[in-house]
Amino acid sequence: MSTTAATSEPPSNEPAEKRVAFEVPDIIVVIIYFVFVLAIGIWIGASLMSSNVGSGLFIGLAGTGAAGGLAVGGFEWNATWALLVLGWIFVPVYISSGVVTMPEYLKKRFGGQRIQIYLSVLSLILYIFTKISTDIFSGALFIQVSVRETEAPELFLVIFPTGGLTAVIYTDALQTAIMVVGALVLMFIGFDKVGWYEGLQEKYHKAIPSVTVPNTTCHLPRQDAFHMIRDPVSGDIPWPGLIFGLSVLALWCWCTDQVIVQRSLSAKNLSHAKGGSVLGGYLKIFPMFFIVMPGMISRALFPDEVGCVDPKICEEVCGAKVGCSNIAYPKLVMELMPVGLRGLMIAVMMAALMSSLTSIFNSSSTLFAIDIWQRLRKKATEQELMIVGRLFVLILVVISILWIPIIQTANSGQLFDYIQSITSYLAPPITALFVLAIFCKRINEPGAFWGLMFGLAVGVIRMVMEFIYTTPSCGEEDQRPAVMKEVHYLYFAIILCALTAAVIFFLSLCTPPIPEEKLAQLTWWTRHNKKFGEDLEIHICQSTEAASTKTENDLDTIQSGNGDLVCEEHDGVKLPGWKKLYFWFCGISTSPKPTLTREEEAALQKKLTSIEEKPLWKAVCNVNAILLLAINIFLWGYFG
């Protein structure tokens with residue numbers, strides 16, 4: 001169309017041709033930019049999204065949205081900023097340092113073993129209390145509401161994922177598409193039912209249950225339900241906590257958590273990792289619309305069930321006396337979705353459950369086997385490590401299931417608030433440590449370790465108090481201490497992070513610094529150093545033990561240059577079928593791989609730790625990151 005207009009009344013042929021020649025390629029380049037930023041990070045971005053979006057997020061976000069309104073959507077929009085920080089600040093340092101796990105980075109950065117072990121143990125604790133248990137609980141809740149029965153074997157089928165990280169990433173990408181499509185279908189049906197956004201505003205404020213508790217107001221929807229920026233004192237999610245406290249939690253989740261970071265570290269290069277962060281940031285915009293708002297729609301349509309406040313009625317509806325907001329999303333599915341599409345949504349929830357659990361199981365088994373078990377048994381073979389990792393997953397599941405009754409009654413029965421509160425008590429010290437480790441070269445191991453111990457002690461005290469002094473039900477007197485009533489968990493996250501950072505910095509100043517040459521490629525300021533920093537500990541004895549272990553291993557196995565365990569068939573004799581099945585289950589390759597020479601290993605190491613980017617694709621990622629931030633700021637302003 002622009003070409004026709006240009007040729008119909010040109011002032012002169014030459015200017016017209018120049019104008020057409022300039023406009024068309026310009027438009028094509030812009031389109032290519034947007035297409036390419038999706039292409040370079042499509043798998044990583046989708047995996048980042050689906051690793052965080054499990055059934056717990058569907059149940060939790062929709063439930064808190066039903067109870068309190070739009071503000072909880074800020075948790076998702078805040079993640080956009082953290083994802084860009086991951087791609088532009090943290091990942092370059094991680095790649096240049098040549099690490100695979102987060103504990104490994106801290107070991108290279110500070111030396112010693114106690115910080116690495118501490119982080120591994122804390123990560124496993126957080127997996128139990130905030131991820132595995134909540135995912136199993138929310139998945140079971142969805143199945144219970146949907147089909148009125150839970151088939152336990154189906155839940156346990158995901159305990160033994162046999163694929164590696166690559167398989168998990170591709171599975172995640174597929175499941176992301178399933179989740180988004182199914183949730184979008186339900187969103188449009190729900191909005192059509194209530195009269196779109198204007199109708200939702202009207203109906204939500206009138207969503208009062210027929211049975212209320214006398215002389216109370218807890219049955220009334222919040223007046224600020226459609227505003228994200230809420231009062232810093234009386235707001236259920238105060239705006240300073242939403243912006244600053246949540247940023248502390250987001251940096252831990254998106255920039256230091258093994259489950260998330262390993263996706264970016266598996267990218268082909270730094271530009272791909274950045275593209276994945278950008279795509280993940282775009283995807284995090286949508287949960288507000290297809291999870292939070294449908295939760296509000298559910299309360300508007302079913303106030304007696306979703307918005308119940310009478311303990312007896314709530315217990316009849318969902319089995320919890322403190323409230324039933326957690327059933328908002330599955331209730332909407334069962335009541336609004338037509339036959340056939342209900343099955344689609346069940347598939348969405350199960351896909352979300354499997355995606356989240358497989359990600360956590362993959363990471364937790366790796367952390368335990370490599371960072372803990374291998375220290376206890378230094379001669380352990382890779383077969384032993386793989387089996388131990390899978391058995392450890394079983395233990396995690398059992399402990400998580402035993403913890404579920406606590407989740408049902410915590411934080412007024414709002415699953416999402418429970419997850420974020422536990423995270424606020426345990427994660428801020430980790431955030432403080434990683435930020436200081438990357439940006440402050442003066443931080444050393446004694447300061448880091450004792451700062452973590454201080455932060456852990458303060459956080460555990462608050463967490464124990466949270467379980468002792470539970471949130472009162474509607475109509476009950478709040479007898480909690482002032483520190484519990486007045487200090488929101490997001491405020492506590494800010495305080496704990498600041499205190500931990502201060503202790504780490506002060507103790508580091510009181511102890512000798514780490515020599516400059518040992519920090520090469522381990523901080524933001526030294527990430528471009530060509531020479532690798534010397535390890536803070538020389539592990540000659542470990543190399544000797546590794547060599548002896550290799551000799552003592554079965555003659556049927558050899559170690560390849562990249563560390564994979566490879567089965568070798570001698571004299572043309574093929575392995576029996578049961579043994580091949582065993583190796584496949586353990587993730588062990590049955591095809592021999594050549595050993596790399598020292599020069600090849602050096603070249604591979606240089607490639608894996610390179611953070612160089614082609615100028616064109618670096619610009620593509622930067623432009624899209626700026627556009628993403630502009631959209632994010634607009635949404636905050638519009639719904640604020």
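Glycine is no exception: its Cβ is also placed from the backbone N, Cα and C atoms.
What TrEMBL lists as transmembrane segment is 27-49, 56-75, 115-132, 152-170, 177-196, 237-255, 276-297, 344-373, 385-406, 418-440, 447-469, 489-509 (among others).
If you look at the transmembrane segment (237-255) against the transmembrane segment (56-75), you find at least three C-beta pairs under 8 angstroms, all six or more positions apart, and that counts as contact. With respect to Cβ pairs under 8 Å, the transmembrane segment (115-132) is most closely packed against 385-406, considering the stretches 177-196, 276-297, 385-406. Counting Cβ pairs closer than 8 Å and at least 6 residues apart in sequence, the transmembrane segment (276-297) and the transmembrane segment (177-196) reach three or more and so form a contact. Among the listed stretches 56-75, 177-196, 385-406, 418-440, 447-469, the one sharing the most Cβ pairs under 8 Å with the transmembrane segment (489-509) is 418-440.
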